[in-house]
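Residues or ranges marked as domain 'AB hydrolase-1' by TrEMBL: B:43-354. For B:Ser148, the entry in TrEMBL reads active site, nucleophile. For B:Arg220, B:Asp349, the entry in TrEMBL reads substrate binding site. As annotated by TrEMBL, active site applies to B:Asp314, B:His348.
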2 protein chains.
Amino acid sequence: MSLNLQTHTEHFTNPLYLESGRILEPYDITYETYGELNEDKSNVVVVCHALTGSHHAAGTYEDERKAGWWDGLIGSGKAVDTDKYFVICTNVIGSCFGSTGPMSPKHPHHEPYRYKFPVVTIKDMVKAQRILFDRLDIHRVEAIIGGSMGGMQALQFAIHYPNFAKKIIALATTYATQPWAIAFNKVASESILKDPEFKQGYYDPEVIKENGLSGMAVGRMAGHISFLSHESMDEKFGREYKRTDGLYELFGKFQVESYLEYNGYNFTKWFDPLAYLYITKAINIYDLSRGFDSLAEALQKITAKLHLISFSNDMLFKSDEMKHIDDVLNENAQTNHKYIDIQSDYGHDAFLVELEKFDFYIKEALDE
Amino acid sequence: MSLNLQTHTEHFTNPLYLESGRILEPYDITYETYGELNEDKSNVVVVCHALTGSHHAAGTYEDERKAGWWDGLIGSGKAVDTDKYFVICTNVIGSCFGSTGPMSPKHPHHEPYRYKFPVVTIKDMVKAQRILFDRLDIHRVEAIIGGSMGGMQALQFAIHYPNFAKKIIALATTYATQPWAIAFNKVASESILKDPEFKQGYYDPEVIKENGLSGMAVGRMAGHISFLSHESMDEKFGREYKRTDGLYELFGKFQVESYLEYNGYNFTKWFDPLAYLYITKAINIYDLSRGFDSLAEALQKITAKLHLISFSNDMLFKSDEMKHIDDVLNENAQTNHKYIDIQSDYGHDAFLVELEKFDFYIKEALDE
């Protein structure tokens, strides 16, 4: 069967009350769907994207060379089987792929928000999605799945909308962002802010896309380090030189340097710097226990079956952090969960690239 | 007894033939000494500094608030006991604290070398030191000790001047720089190069020192991540906020962010960006096996007693890398060495800050 990829944008005029006390009004949410919604709307699976991801999780548009970011996982006969499930992936608020973010026009003017955009949290992103699903008349879903920031969303769903999903599958994520991850985000934000072409937030997005923004490229390069691991870098690059004669040239390049440079600069062609600042802020202040006395109290809200999947060499969100959730649940005799740590050399990127190590597990969890 | 701190600079007019085939001529080497040279010059200990270190390893000048970088280790009654040993630490060529580097005047003009400075290697740094010691009529030393890039120098001494030192003590270092470390250096170099104030290498050093160089600050921030570990960051910073009301402010800061910012910008007041580019280049291309068929062949040159000390949570030069040297030596039945891995949460910085975990070991190794 076909993937039946569809893209939609919904417009909301009701105010979105944010965790900060501020209001976002009006706002749009752009989302993609795959598969067919069944008659009683009981076959919905929600997929949540990571920091620089988008609603485009699967399939390939006509003008695209690369498929959606989790195409290997979502589709006909795949782990998230679109012959069976109706899959929805929404672009989070604060991002730059159709949902309202800092470069969206600030009502009633047509000027972008820029710094007037309110800080949004992972909880706010989830709240906006919940409102979208309400409009779509979807009130209970089979599962919510996400990795990295997508996993943060899945966990927030589990705690704040405990009756919404039967199953929660969170990969390569954490219960609260730790200083190691915040530090990497800091390198990126500082680098963006100090780039004169960023013009203190008053850049022309078209100019940035055209010329690149070296500050964001440098920040992304740091990000790529955090997505990998010592082992994956040794495997991918070793000490290979791009040109054999570059050894004694100051700007001679190792393969790992070319990789970072290519990905860093390419990134500036498709991502918005203010969105980067706002989303990394949301990640930095993500903490499941906020508003509760403890993480244990927060986790007690969960009624869904919870699947926690970490990757042994994840340097960004360490296995220990997922294990900590498992430990707290066990201490409180909450038994409706499973935690597995997958042996992988890939580092954080494993949730995007080593699908064969966990797709069967997701299939099993969904079909349970 | 007093430390007897002395600083000297020696000028050399003979050409220094570099590994690249290029020549450095003339050149200066600045160095410090502590303690007293005995009559038969048999009590010399050489200390080698790391990337941003200098010859100022111990003691405190009148105008200083902080002592030299290994002051806890070097001094009267300390592990490297200046009552007993005459300690020499030289500023490496390519650096910016008195020895010839990219901002030194290019003979016969008075203009700085800038990009005309040749790429130097760790082996070149060691060669220049060996020539200095020759001039000082020191032809054999008790020990050479260094951590990080200092450890690289110690190992290069062991291989290329096998009769020069009785003991080699290398800490927190590697046999060849791996892509993880090269990647961090890349973030820094790219960030420096793209800062408009760097003026493509034609900056005014006084202006840079006065105003700071945000590109280098960002690069140093990335560097600081690599010097720490997840555990040390959790311990040092946790998720503490600088101001409690900063949570929902886009630029509200976590403690870890303030730490990186402070150290990043402070760094630009005392270090030169071109020196940073040249020294990180030397680190990137450091490979003990260069010029040999294998690492094993290189290590076979060593006749000194070799002490290898790694730190369990070092993220920059992983314990495994030091263990690899140990493994190769063992495979070749080279028994005159000892390897220890010190349990520490500090990460790479441990060799500078957790002295109490290894100073007794260094004392023992020296007095053996």
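Glycine residues also receive a Cβ, built from the backbone N, Cα and C atoms like all the rest.
When pLDDT values are averaged over the domain 'AB hydrolase-1' (B:43-354), the model yields 96. Each residue contributes its Cα atom, and for B:Arg220 (substrate binding site) and B:Asp314 (active site) those atoms are 17 Å apart. Within the same chain, residues at least six positions away from the residue listed as 'active site, nucleophile' with a Cβ under 8 Å of its Cβ are B:Ala50, B:Leu51, B:Leu171, B:Ala172, B:Thr173, B:Leu316, B:Phe317, B:His348, B:Phe351.
In this structure the alpha carbons, written CA, of B:Asp314 (active site) and B:Asp349 (substrate binding site) are 8 Å apart.
Proximity of B:Asp349 (substrate binding site) to non-local residues of its own chain (separation of 6 or more, Cβ distance below 8 Å) is seen for B:Phe227, B:Leu228, B:Ser232, given in sequence order. Mapped onto three states, the DSSP output places the residue listed as 'active site, nucleophile' in coil.
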